[in-house]
């Protein structure tokens, strides 16, 4: 059974067909699912302890959220937290070694691979899954539903790549329009430097592991699709692609971005914005929270704006997956926890996402999230929530190829290739060719 | 006849006793070394699924063919060789220098000898993190030192430059390993009879001649041990480099161990990663054996 994801209309049609089949079977699972469908999640019948693995972003918050779920009469959850850096190798090693984890954080680019390796469960027929997917921004669904219609994950959080800009610095430099396109950003960076306001105005998280996100962000900003529906790399066929890499190389080689961005972490980059050492910062929208909370001399002047002009930006999101759980009650309990953590609680509220929004500005890929009064109250007032919601709805794309099983191989190579470009060791055209070759090679079997 | 029977029984009893005594160590060796090594070799000949459910398809030497025809591999070999040569030479030389210094009589020698242990007692990963902070282009102490000494005019982003990133990775690793070499060499120096120096001095030998003709020959067994261990550490070095640069910028510091990590644990190409591990293991083994051969050949010539 698959999930139709072409549009809202077909989504509803898929649900109806499934409802019909379920109704005729009149199974106990269907009955158990009823309250879940009506109000988000249900109490789990399982009485044992669930195992959950997460990375170390605010571990106390994770424990509090899970404890709150248990306190509502649900099973206890044993939460293990490991560092974000190296999480992917760590979880793969554990699963390969036979670790049984009921529910775990995962990077979206690993999700289909984990399904294919038998480490993660397809969620197709679990109670309330259609409603969860149907509740989601259409733009976000391809991250959680694969091309075959299988539901492979639920959201842990979601974000869009946006421009954090110092409004005061732009005014001081005589820039009256917030830069949006790559060309705008280049021009604004030059003006900011020539005006003597900031020597290297643009910062971004260009470490090796993260270059792949920027690859898609910058291509989408110029209206370029990197891959077709089958995962074939097509960015090399677009004559504008070389221009994107020329821009990228120029930003670095001309010193409009500081040399240190190849190794700087986001915390340092946020601090550069807060201290006024940088004026433009492209990364996930929620870094506005970290810049503001640093309370540097320029923190209050930093604001958020969409990028890409008429085109889109990259929408990212990390995910929650369920392990291969044989026991049905346990599986359903883990699923209830996944729904609570990645969608709504029993009262139909975005409780978990509200807490993340309050703590770190993280978003959920649901339209209802942005209009929920509690969420609106939880978000710091410097966020333009309708604007952010609009970016999720129509101004961003998720790049479906990013969840294909070969994608982690490609993802691991992008950093080396882009760094060679930035260091002047490769031309933009060579970079396009190398990335195309890397994508093809990744789909062709083992390779270095 | 009776006597030979008794001797044979005794020999068998001795052998049996020896086997029993070494059985635990032999089992541990098999479990921790031989079995994993054999599995790695077997994996390297297969296209192993990421979930490890089986050995997967037998592909013969296909994984080795992929490796030896890849520019990524040869680039990584080059980085590994540069790193290893720098690491082995510098850590051995600095270790020897520290040992010679700490073998002298001076006020505070005991404290200095105690301090020598600190880098060695610090985990590799922590050293990598410390040096990453120290080399930071905005607030790093290294920049403050260089600017303060007038060597550089302004703060530099050392870790963003391919050459200086590799140099700093070597420096950080040497900082730890030199103390290890120093401790071993100091122990060796303390067994050197003072009469040898006195005799050399009576013969009119200067400091360099005493070092070359007395100290170094005396330390040769320790030097061989230190050098071989340093070679092994060099080829297997991962933590410091990964903590400082994660192999970057680009592939400037991507030594073979980081490439293996990527293949085995990030993209989970177990067969290819295992083939890389076999190649690296052989390289370390050959490097160590050649070193022993060269150093002992020098001894035989002497």
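Count begins at 1; order follows the chain as displayed.
Cβ from N, Cα, C; glycine included.
TrEMBL entries are annotated by machine, without manual review.
Quantities reported herein were computed from a predicted structural model and do not represent experimental measurements.
Record features, source TrEMBL:
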- B:77-291: domain 'ABC transmembrane type-1' (DOMAIN)
- B:21-45: transmembrane segment (TRANSMEM)
- B:77-102: transmembrane segment (TRANSMEM)
- B:114-134: transmembrane segment (TRANSMEM)
- B:165-187: transmembrane segment (TRANSMEM)
- B:218-236: transmembrane segment (TRANSMEM)
- B:270-296: transmembrane segment (TRANSMEM)
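It is B:165-187 that, among the stretches B:114-134, B:165-187, B:218-236, forms the most Cβ pairs under 8 Å with the transmembrane segment (B:77-102). Contact check: the transmembrane segment (B:114-134) against the transmembrane segment (B:165-187) gives at least three Cβ pairs closer than 8 Å, residues 6 or more apart, which meets the contact criterion. Long-range Cβ contacts of the transmembrane segment (B:21-45) within its own chain (Cβ-Cβ under 8 Å, at least 6 residues beyond either end) map to 55, 58-61, 63-64, 270-271, 274-275, 277-278, 281. Here the transmembrane segment (B:270-296) has long-range neighbours at 37, 40-41, 43-50, 52, 56, 59, 63-64, 66-67, 73, 80, 84, 220, 223-224, 227-228, 231-232, 235-236, 256-257, 259-260, 262-264, meaning same-chain residues at least 6 beyond its ends whose C-beta is under 8 angstroms from one of its own.
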